[in-house]
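Asker: Below are the features I grabbed from Swiss-Prot:
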type     : residues : note
SIGNAL   : 1-24     : signal peptide
CARBOHYD : 33       : N-linked glycosylation site
CARBOHYD : 103      : N-linked glycosylation site
CARBOHYD : 187      : N-linked glycosylation site
DOMAIN   : 226-478  : domain 'Olfactomedin-like'
DISULFID : 227-409  : disulfide bond
CARBOHYD : 288      : N-linked glycosylation site
CARBOHYD : 307      : N-linked glycosylation site
CARBOHYD : 394      : N-linked glycosylation site
CARBOHYD : 431      : N-linked glycosylation site
CARBOHYD : 473      : N-linked glycosylation site
C-alpha cells in the first residue's frame, strides 16, 4: 500500500513545481513583463507628446498630434518595421516551451491515469483487506461458538452419563453375585452327581416326576398369563381397503405353524363366496385368492374360522352351520332355539347381525338375543364339533343398543356404538356371572364398524370399518394368585 501512495505524492509535488515555474518564467520569455505606458501630465495633446517604446522596432510610434477645427485630436503614427527577426527566436523558444509543456502534460496525464489505476487497485485491495478481516472475525467468532457448543454437548453428555455411575457399580456387584452363583451351581452340580450315585434309579424317577409336575404348573401359569382383563385398545392399523361398507375378515387361531391364510367375506346377507388368501402379505398387496362357494348364503357379519372350519349363520334362519374348508362339505348344522333372526335382534348398525359367532382362548361362543330374555344379550358356549350348547348366560344389556361385541378370556365386551365416538363400556364375566360398566377408548377411524372379533392367537381385534380392514392390539391385565400355581 505504501508504493502507490508515494507515487501520488511525487505526482502532486511535480505538478506544483511546474505550475510555479510557468507562472514565474513564462511571462518573461514572451515579453509580457516589459510593457510600459506613459501619458502627458497635462489634459491637452501637443505635437511633442506621445507614447513611445524604448526600442522603435518593437511597437507602434506616435509621430505627431494636432487638433482640428472641430476640436478632434489628429495623431500621426509610425508603424513598426515589418522585419520581426528579433521575435523569431522568442517565438521558437515559446513553441519549444509549448511543446515541452504539452509533453509534460501528456506525461502528467499518463502518470495521472496510472495513479488513478493504482488508486483503484489500492481501494480494491483495501476493500479486500476489510472483507478478509471481517471473515477472520467471523471465523474466530464461529470457532468460539463451535467450541462453546461442543463444550455444552460434552457437558450434557457427562450429565447423562453421571447417573450411570451407580448403575455401573451395581453391575459390578451383580457380576460378582453371578460369579458367586456360578460357583454355587458348580458345587451343587457336583453334590447332585454324588447324590445320584448314592440314591439309585428309583429316587431318580421320583425326581423326574417332580420336574414334570413343575413343568405342568409352569404351562398352567403361562396359560393364565395369556388371559387377563382388558385395559386398553391401541389405535387401528389399516391393513387393506376393499369391498363394501359391510363384511368380515379373519384368520384361524388354531391354524398350524406356517398356515397364515386370511379369509374374506364381503357383504352381510345373501352371499355365499368366501375368499382365501395364502398369507397376510398376499391379502395386503395382491388380489390373488381362491374362492370357496358355501352351500347356503350367510347372514350378518358374525362368521368365524376355527380349526379349519368356517362357522356361519344361515341366511334368514337361526341355524348355525359348520363347513369344512378343505373338503368343502357341511360337517354339522344346529339350530339356536329361541334366538332372534332376520333383523329381529341385530346390533345397532343393523345388517342381519342377529347371531354373532366368536372364539377366544376358551373356544367357540354364540352371542344373540331372545324374546325370553326381553331382547337382551344371551351368551352361549358351544362345542366346536357338535355345536351343542354347553352353557348359557343371560345378560341385562339390550342387543339393539350394542354397537359391536367380542369375547376375551370368557369376558364379553360391548361397545356403545358403531359410528363416531366409540368406547367399550360394558363387560360381562362368564366365569363369575357378573358385569360392570367400564370406559375404554376405542378409535373408530372410519366411522362405521360392522364387524369386531378377537383372535386369541394374534392377541388382536379384527375389524371391518366402512370398507377398511383394520387391526387393533389389546392390553390385558394379568393377576396370578399363588394358590393357582
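Glycine residues also receive a Cβ, built from the backbone N, Cα and C atoms like all the rest.
Tell me about the surroundings of these features in the structure.
Answerer: Classification of residue 187 (N-linked glycosylation site) by DSSP places it within a helix. Taking a C-beta cut-off of under 8 angstroms and a sequence separation of 6 or more, residue 187 (N-linked glycosylation site) has no same-chain neighbours.
Reduced to three states, the DSSP call for residue 409 (disulfide bond) is coil.
DSSP assigns residue 288 (N-linked glycosylation site) to coil in the three-state reduction, outside any helix or strand. Neighbour list (residue 288 (N-linked glycosylation site), Cβ cut-off 8 Å, at least 6 residues apart, same chain): 277, 278, 282.
Under the DSSP three-state reduction, residue 307 (N-linked glycosylation site) is assigned to coil, being neither helix nor strand.
Annotation note: residue 394 (N-linked glycosylation site) sits in a strand segment as assigned by DSSP. When other Cβ atoms within 10 Å of the Cβ of residue 394 (N-linked glycosylation site) are tallied across all protein chains shown, the result is 15.
DSSP assigns residue 431 (N-linked glycosylation site) to coil, not to a helix or a strand. Around residue 431 (N-linked glycosylation site), a 10 Å sphere centred on its CB holds 10 further CB atoms from the protein chains shown.
Sequence-distant neighbours of residue 473 (N-linked glycosylation site) (same chain, six or more apart, CB under 8 Å from its CB) are 233, 234, 459, 460, 461, listed in sequence order.
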Asker: So among 307, 394, 431, all listed as glycosylation sites, which is physically nearest to residue 409 (disulfide bond)? Use the C-alpha atoms.
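Answerer: Looking at Cα distances from residue 409 (disulfide bond), the smallest one goes to 431.
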Asker: Let's check the environment of residue 227 (disulfide bond): how many other CB atoms sit within 10 Å of its CB?
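Answerer: Its Cβ has 18 other Cβ atoms within 10 Å.
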Asker: Which one is it: of the recorded positions 227, 307, 431, whose Cα lies the shortest distance from the Cα of residue 394 (N-linked glycosylation site)?
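Answerer: Ranked by Cα distance from residue 394 (N-linked glycosylation site), first place goes to 431.
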Asker: Provide, as an integer number of angstrom, the distance between the C-alpha atoms of residue 227 (disulfide bond) and residue 431 (N-linked glycosylation site).
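Answerer: Between the alpha carbons of residue 227 (disulfide bond) and residue 431 (N-linked glycosylation site) there are 13 Å.
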Asker: Reduce the DSSP letter at residue 473 (N-linked glycosylation site) to three states and note it down.
Answerer: strand
Asker: For the recorded positions listed here (307, 409), which one has the lowest count of neighbouring CB atoms within 10 Å of its own CB?
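Answerer: Taking 307, 409 as the recorded positions, the minimal 10 Å Cβ count falls on 307.
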